[in-house]
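One structure is given below, encoded as structure tokens.
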Amino acid sequence: MKRSKEQFYGCLLGGAIGDAFGAPVKSMKYEEIQKLYGEEGIHELIQTSDRGKVIITDDTQLTMFTAEGLLRSIVRANQKQITKTRKDTAMIIFRAYLRWLYTQGLSTPNWGSKAYDGWIVQIKKLHGYREPGITCITSLGKGIMGTLEKPLNDSKRCGTVIRTAPIGLVENEEDVFNIGCRVGAITHGHPTAYLASGVLSAFIFYLLEGYSLEEGIGKSVEELKTYRNHEECLEAIERAIELAKKGDPARGDVESFGDGFSAQDALGMAIYCSLCYPNNFEAALKLAINQSGNSNSAAAITGNILGTYLGISKIDEQLIQALDLQKELSKLAEDLYIRFESNEEWIIRYPGW
């Protein structure tokens, strides 16, 4: 399988499934999860849905707006007949994040109503405060874009890596890591935070190209090592690989990365869970969720990784149907696969600014 539509659907829907099914137990101690779901914790993901739809958090919301920004950057380059640069792409995604801020009931400085265009911001179900990370809210609320050259802060929270998987579906090998970093730096200024988003973006790219999990992370690490201040990310990745080699998946190993709220910890957890169950999407998510930490973010990234690697057909249809915004996520995945159409309907969906 190489660059198939199945993988695009798998990446977006897989990440959303991990996010939504992990959200009900986010930040709970494992003992609390056991009290709710039994001695083994959550042994079937569908348990957390309470027989209704499972609701995404800000992790998937931001992922959707990342995807929108990528598509709008392609429209802009086509309309202006210019080469799409790394900085231009990050700028368009920054504007997409300002539209996301609006869905959280917060205003964007100096923006008029006409700025909230395109179809994503019009999705009513996206308009709801989903307890977003404070760094994202405060950074975007200033209306100033952070960059690699001029960071806004020194935050290394996981609000970067939870949103950048779509970059790996769209960008080329030469640019994907750097654009992932630039998009992370929009809100988080610590190198560990934006390098983690660069790693995930590149990892998704290599999986889409047909590499194995081990090969994909290896190629991504090669790029990581060319950047300064990569040590924390590298240590988390190497630990994930070594722990997975033991062949005995354990909650204690997941929790050894910390609480999962730092970017390198969330990434390390997700890589570990993916390597432990490379051919079992649901088992990997259960490993990511049944822990005393940031369950939904770890599971969301795991879902992005294995959803891309395995494709949508390897994800239980029951999980897909339980997901709120399933149709909208599927449409977005299809559009990412298409990349661009020169017709009025497409331009209305993804205005090029």
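Every residue gets a Cβ built from N, Cα and C, even glycine.
Site annotation for Mg(2+) in TrEMBL covers T57, D58, D59, and the matching candidate from S274, S292, S295, S297 is S297. The binding-site residues listed here are D58, D59; among them, D59 has the most other Cβ atoms within 10 Å of its own Cβ. Fewest other C-beta atoms within 10 angstroms, among the binding-site residues T57, S297, are seen around T57. Following the DSSP three-state reduction, the secondary structure of T57 (Mg(2+) binding site) is coil.
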